[in-house]
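Student: Provided herewith is a single structure, encoded as structure tokens, for subsequent inquiry.
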């Protein structure tokens, strides 16, 4: 028996490996060009089949397609090309739109370095009656910090992914920052110059903004970004701060006020904050550290971590664990698939702790005023507090029992002392 396709599979591996090595040595871009020649795979296989059929067509040696070898060669080649030509592959699908009209090429552009152009500092006057600042960017990072300035100062860096230096220069020069003053609101936005043609369509350059605001002028602030990272620290907030990104992480530190952080795809981290705060992501990890005030965390797919929290907490994720420690008032945590670990030095409100698939471990103060009512449908129950365990349930009262702790899981349940 002869297996047709072995030579085609071997040739695929040789071509891909040789192209990658050649690119490393000469930067010729051969691996990227192979993506345009994928139909040649069928031609090579057809020629090999014709050759074997002409030579052994008398039936003396039956022919069979070497499916395993071909699949192995294609998979290995795809992994190699994807790992070395990620940006080019995604750009071939640019023009196809995803959620909220995001171009795949723009997503890549928002995170990949290209030719760099430093455009200096743009100074924007901020009258004394301005109490709200809005900043809107498409691709790139936004970093906001306070400083000893009287105006808003924006340091702009533009990255353009083109082969032509002159074209990149033209695109960077045409990518600018605009601002308008509407009453007491200062609107700042980037105006990127679109470029690119062909099947992949147009895309926008990455524009990184480092923004310095007057440290003596408190304002509310709203940041909007499609692709990139948002960072903010120690800002003089008058009432509220919000940051929203479609694709990218958000990191803030040392802010006080009403805080709202939201991204579709990426992690959100907050530290040393005060006031009401909400962290939200569709896909990513949420981390809240050293917060004073009520907090809400929500993720469809990701771990929720809360450290040294003082106040109320509401945390919900569909797929991920929940870990929280601090001094909690009212508390509500729920996950569909993941463990829940809560440590608190006080119970000053009603608690509701649930997980559909995962263990629950609570560490509560020995003294206080709360009553416990918990159930573990398919697991064991343990406690070192003066509570009653009956089969797969736990109940009992500490102090006056003023606050209720309801616990529900399909796995094991542990309620122990935190001190």
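Note: Cβ is positioned from N, Cα and C throughout, glycine not excepted.
Remember, TrEMBL labels are computer predictions, not curated facts.
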Student: Have a look at 63-82, 83-102 and point to the one annotated transmembrane segment in TrEMBL.
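Tutor: Feature transmembrane segment in TrEMBL: residues 63-82.
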Student: What range among 38-56, 114-132 does TrEMBL describe as transmembrane segment?
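Tutor: Among 38-56, 114-132, the range TrEMBL annotates as transmembrane segment is 38-56.
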Student: Averaged over the domain 'DUF4097' (207-411), what pLDDT does the predicted model reach?
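Tutor: Taking every residue in the domain 'DUF4097' (207-411) and averaging pLDDT yields 95.
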